[in-house]
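If you look up TrEMBL, you'll see 53-77, 106-122, 173-195, 207-229, 249-273, 334-354, 375-397, 409-427, 471-500 marked as transmembrane segment. Per TrEMBL, the feature domain 'STAS' maps to 524-672.
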Amino acid sequence: IMERKIRAKIDRKEVMLAKLRKSCSCTPRKLKNFIMDFLPVLRWLPKYQCKEYIWGDIMSGLVIGIILVPQAIAYSLLAGLKPIYSLYTSFFANIIYFLMGTSRHVSVGIFSLISLMVGQVVDRELLLAGFDLNDDAPPALGDGSPQNDSQSNTTAFNLTLAGMNTECGKECYAIGIATALTFVAGVYQVLMGIFRLGFVSMYLSESVLDGFATGASLTILTAQVKYLIGIKIPRSQGHGMLVITWINIFRNISQANLCDVITSAICIVVLVTAKELGDRYKNKLKFPLPTELVVIVVATLVSHYGKLNEVYASSVSGAIPTGFISPKVPHFNLMLRVALDALPLAIVSFVFTVSLSEMCAKKYAYTIRANQEMFAVGFCNIIPSFFHSFATSAALAKTLVKTSTGCQTQVSGVISAMVVLLVLLFLAPLFYSLQKCVLACIIIVSLRGALRKFRDVPARYHVNKVDTLVWVVTMFASALISTEVGLLVGIVFSMLCIIVRTQRPRAALLGQIQDTSFYEDDLEYENLSSVPKVKIFRFEAPLYYANRNYFLKSLYRLTNLDPNLETARRKKYEKKEKQHLRDCTTANGLGIGETALQLVPKQIDFQVLVVDCSSISFLDTTGVNTLKEILKDYKDLNISVLLACCNPSVIDSLKRGDYFRREFGSMQEKVY
């Protein structure tokens, strides 16, 4: 006999007041711990083992910095912004995460999916403001160039509505939208950290994230095709962007720039070959080949001295200024326009950062604080938004490179930031002649990992069909509708799958394993023996309002007995029997036994029903009432109902639901 422990009553009001007093009190020690927790660098930097760590950090920092520069310039195409803003983003993100991050290895900075999400919002707002989305279109206002009245009026009107200066041109308005979006996303992340809402990331399953990344990769690939072949088509907006873009590409394929096509083909062959060789011989190489940097340097030299822009009209990056632009507060009115768009951006950025941080922490045996990671990535968005930067996140590819090149701490992030700073201050103008098709090639080749997920579909389907369906739905929704809608569809669909699986779970009758006291599903295993006069029923899910009917249907089907129908049948035949006896006038009529035999042909082959509750994790009010209902219904047929293997939560629910009433029997008689 097991007796439950008597729990001491807790005064929740007193507990809350005690916690409130503790959290509101301020002592020197508490203030010190708060600062140390908020800036983890103050804890680990004084303990930095210079001789052991410095060379690995310098090497990984230099390699990441060399990779970061061409990627930052390339991803500016995705964000619809000038390359200088991507460099700002990469610089500030590395510095801030160095101060606030708890992961030693994760690489935070510009990320393709985040850049795409930012670019979609920027393009939409530019279109609503009346700007031309064509990359080569002249600035709308403020550059002294003549503009037609209709375009000027439209743009000025929209800018005035947004609370912006009417002399702000297309580039100024685009970075204004990006910084406002980034600031709001950072505020969301900090608020989520304050209110400890990190659990939101649990609803983004691996299948949802993989499907979202693959679908977004298809969108990124589609957006870069026009640069690959050098055609000028408008940047599509809204739902169905992928389909519309491909239609426009095929309509304008005859206008392809031969110079860009040849350059793109050469760059893709070189980049893919180098990546494949790097993957094959990665154990022999001390650090990854800086293929992107080599391609950019060579392509820039060829474009400059071959005058590809002047002779063949090949589209180039243009002037990239040096130094830093004066800080500017993001516009509040623009924040209101993008507040809703910032929410999925904040969640995706946080989820990718925390998942990569946990992966690295598990691999190298240390711990991270997910809540502090929320603060870190939040301030990686808030502070840089004042310095003309856009949203950031941890990036898988750069994180893997960082760990493979000897990274020990986030000092490597500072080294990477110094490399970016060198480009910002001195080397940026050298990229003037760099063709945009080269940047597009770098982006497309970087998508190899996400696009390779298509090869994993058969294996994924073999492991779990439902997860594969979630991946497919999320991928198609992200690619064919939009990235934000695709993410929402993936989350909702995956939750619906869970609900459906609990609504129609597996139910079985159990048989006894020979010569043991264990029982299993008699449909799944051979040589199980049934217990005479006993049916053992197992329901493999919580019993709640959504699956109540399925529980009853399964029970009646497997036991081959619906107590309500059987009770109604017996009452009907009893009534007929009485009527028959009343009308019977002769002594040689049917006897009572013969009448019962004829009118009640159904014989019940069990006297006890055991409900195996080992798989029932909880009961709601409907679940308790359902068990009370079958207890009463089977009792009317002289069949006992017993419960086995109930966990404490189920027993407490039964007690609160008055399941152990006197007429039904005590708990000792009903629960085993």
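Any Cβ shown, glycine's included, is placed from N, Cα and C.
Here the transmembrane segment (334-354) lies next to the transmembrane segment (471-500) in space: the count of CB pairs under 8 Å, restricted to residues six or more apart, reaches at least 3. Packing against the transmembrane segment (471-500) from elsewhere in the chain are residues 113, 116-117, 120, 203-205, 207-208, 210-212, 214-216, 218-219, 238-243, 341, 344, 347-348, 453, 457, 460, 546: each is 6 or more residues past its ends and has a CB under 8 Å from a CB in it. Counted over residue pairs separated by six or more positions, the transmembrane segment (375-397) shares fewer than 3 Cβ pairs under 8 angstroms with the transmembrane segment (207-229), which leaves the two as not touching. Counted over residue pairs separated by six or more positions, the transmembrane segment (53-77) shares at least 3 Cβ pairs under 8 angstroms with the transmembrane segment (409-427), which defines the two as touching. Sequence-remote contacts of a segment are chain residues at least 6 beyond its ends whose Cβ falls under 8 Å from one of its Cβ atoms, and for the transmembrane segment (106-122) they are 64, 68, 71-72, 75-76, 78-81, 86, 89-90, 93-94, 97, 174, 177-178, 181-182, 212-213, 216-217, 219-220, 223, 237, 241, 338, 341, 344-345, 348-349, 352-353, 356-357, 360, 376-377, 380, 390-395, 398-399, 401-402, 413, 416, 443, 446-447, 482-484. Cβ atoms under 8 Å from those of the transmembrane segment (207-229) belong to residues 77-78, 112-113, 116, 119, 235, 241-242, 245-246, 249, 253, 256-257, 260-261, 264, 315, 348, 351-352, 355, 436-437, 439-441, 443-444, 447, 450-451, 453-454, 460, 467-468, 470-480, 483, 486-487, 490-491, 494 of the same chain, restricted to positions at least 6 beyond its ends. Long-range Cβ contacts of the transmembrane segment (409-427) within its own chain (Cβ-Cβ under 8 Å, at least 6 residues beyond either end) map to 41, 44, 48, 53-54, 56-58, 60-62, 64-66, 68-69, 72, 84, 87-88, 90-91, 94-95, 97-98, 101, 103-104, 107-109, 322-324, 402. For the transmembrane segment (249-273), the residues of the chain that approach it from at least six positions outside its boundaries are 225-233, 291-292, 295, 299, 308, 312-315, 435, 437-438, 440-442, 444-445, 448, judged by C-beta separation under 8 angstroms.
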